[in-house]
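Quick look at what Swiss-Prot annotates:
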- 639, 640, 641, 642, 643, 644, 645, 646: ATP binding site (BINDING)
């Protein structure tokens with residue numbers, strides 16, 4: 001039976017007990033009812049110790065999980081295809097499915113066996129989707145997993161996103177053209193959009209796209225849902241009024257999240273409105289080109305994040321990743337972070353961090369070791385899905401807070417003072433955890449041993465019955481041996497037959513009259529007595545009652561801890577921030593970074609700047625200065641390929657970005673004026689998914705810069721125009737450079753191989769020529785990587801080609817053509833004549849045979865003996 005058949009069965013048989021339903025077995029009737037409510041989602045249907053999947057779900061799961069597909073029995077005359085996974089290993093299978101973008105409905109057994117006629121009652125307990133994960137086994141501990149809803153109205157993009165694993169809910173409105181930039185910033189795991197909205201770009205940007213009914217995106221409903229959830233009359237306290245498109249997205253998001261969890265989201269305690277002006281604008285191309293958290297090849301390292309992430313906790317790593325994608329416009333907040341980093345690193349403002357003075361940093365990082373993911377544990381407490389070991393880890397983490405207080409001492413930096421106050425130990429919560437949770441609890445409540453001894457008298461009594469079992473059996477064995485006269489009599493227990501007295505066949509004639517046979521073995525008989533039976537009932541009952549009592553106590557414990565959720569969230573945020581700032585301080589100490597300075601004067605002034613990632617990959621990295629100001633708005637950068645132009649430009653952008661996220665920077669000094677955005681146009685490749693060529697991608701990115709850059713924007717333009725013909729490219733590069741100088745008036749680093757552009761500074765004094773030089777030494781090119789004033793003398797493109805292994809004959813032909821081009825006037829003719837007008841050979845001029853022979857030599861292909869022979873031949877020619 002496929003999905004279409006299931007849907008038909010559900011449609012035909014809406015009334016329970018209808019004629020069509022009677023054709024299925026009672027269990028399959030129950031399955032079909034649940035499946036009809038979730039037709040597009042895999043259904044894990046609990047049956048004893050397994051979660052079973054049926055029909056098309058079984059085939060799909062077997063294919064994705066590489067599990068066995070089988071057929072068992074029939075329903076309505078159709079063989080039932082099925083596959084299953086053991087319940088104790090379900091999380092690992094769920095993790096694999098979620099990584100593949102699948103969603104799963106979990107239907108648990110909620111009734112007691114035999115309590116009702118027919119199959120045991122089952123109900124959906126949760127829905128697992130890529131954007132609504134909270135279980136540690138399903139999440140990447142260093143990456144936030146976001147659920148995002150997006151809708152569009154009259155050119156305004158409304159976004160709402162929720163990190164269900166910590167309760168962080170945010171909304172924003174922005175122009176529709178920022179869709180790609182926002183998706184690149186947030187990287188949602190799952191996206192919700194209205195069914196009637198055509199957003200083809202979303203489909204290419206999101207791995208998991210879910211279309212919901214248009215009516216679910218309703219601003220009025222969004223406001224009602226949120227005010228009811230927060231218990232407020234309106235959303236003015238969250239500064240969320242006047243955002244109808246964002247609230248429409250929030251309506252769909254919040255309802256969807258609640259439906260997957262099957263409960264209220266009490267850990268969502270606030271709503272944050274993000275505004276465009278909060279952060280430096282980084283478009284999608286800039287985030288990729290600067291390789292903040294992912295290389296251009298899609299790898300995790302080497303990136304700025306991989307360099308800086310020395311965080312002790314997973315919370316700190318997530319804070320750091322978020323910070324790198326959200327450079328602050330509020331320079332006061334960024335400066336507060338600088339102050340905290342400086343105090344942790346033991347550095348005065350403007351001076352490089354000194355490893356010898358970083359005593360506070362070492363103490364703080366030592367105190368953070370052993371701190372668990374308080375952020376996500378708190379969310380699981382709110383959702384009542386926290387495991388016993390989560391609570392033990394939370395208890396240990398809270399117990400370390402006094403050590404962290406001692407490590408911070410009496411800080412001077414205002415931000416450190418705020419963090420110190422935020423990590424105040426919630427004594428009631430810690431006391432409750434210490435008293436209630438066993439030191440080393442079992443993985444699951446069903447296994448017992450979760451609640452600590454002494455916490456509950458009734459549980460202790462029930463456990464006492466179980467623990468005294470051995471003593472009772474030993475005493476009973478001694479008494480029964482004396483009573484029966486059977487010296488080899490044994491009193492034992494197993495899970496199948498319970499308690500019994502074992503007597504060998506040779507002694508069965510001696511057993512007392514009150515012995516009742518329980519089992520016959522080859523060499524012995526097993527008996528039970530009224531006394532032993534009474535104890536068995538009591539012991540086994542005590543075990544069941546103890547487990548039931550422990551489950552009840554655990555649920556009550558989660559309920560009690562839920563009252564501390566706001567305090568635990570405050571602590572988690574502070575720990576994450578402190579750990580992230582510690583990573584900034586660690587980088588400053590290890591790599592000699594300095595505190596950047598903010599200035600009210602426009603411009604960028606960097607002395608001895610370095611690329612933070614590249615300098616760790618190479619030896620003897622060459623630092624460079626960069627000065628941009630109102631009288632020096634554009635640096636026109638020329639120089640050879642591989643000379644370091646792109647590295648120089650990227651390092652300027654990264655230094656600016658690091659300063660605005662609150663980190664120290666790789667330079668001897670850095671002073672930055674006001675910035676509102678960083679744009680980059682560096683490199684390009686075909687966008688096959690969107691049907692765009694390399695040149696189209698290049699022009700699209702350039703267009704975004706020309707339309708979006710302001711006087712306070714930092715713009716990086718690398719070899720614009722190279723994707724088309726020489727004259728077209730030169731014309732475009734010239735026009736774009738002039739537009740940036742005249743219209744945008746932004747701070748620009750403009751790298752080019754078009755030397756004609758170096759004449760721009762004749763018309764625009766604010767355009768300065770700089771170059772990265774190279775020299776030829778011993779017939780090889782040596783890149784100096786130092787930025788010098790003035791234009792470059794040549795590009796050394798042919799020499800770089802030779803370094804890349806281009807055959808010598810090709811290199812020689814290229815040099816010959818280059819000389820011919822340099823020795824003639826190109827004029828204003830069409831580019832097609834550039835090579836067509838060249839003769840196949842240079843004009844014939846008398847030359848010595850020895851010179852001709854020497855020109856034809858390729859020394860790289862000669863053996864020592866052949867080289868010596870050619871040398872003697874040349875000598876003879878000149879004799």
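In case you wondered, yes, glycine gets a Cβ from its N, Cα and C as well.
Feature map: Swiss-Prot annotations on the structure.
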residue : record           : Cβ within 10 Å
639     : ATP binding site : 29
640     : ATP binding site : 23
641     : ATP binding site : 18
642     : ATP binding site : 19
643     : ATP binding site : 26
644     : ATP binding site : 24
645     : ATP binding site : 26
646     : ATP binding site : 22
Subject >> Cβ within 8 Å of the mean position of the Cβ atoms of 639, 640, 641, 642, 643, 644, 645, 646: remaining residues of the chain near ATP >> reply: 772, 774, 783
**OP:** Could you check what DSSP calls residue 640 (ATP binding site) once collapsed to helix, strand or coil?
**Re:** coil
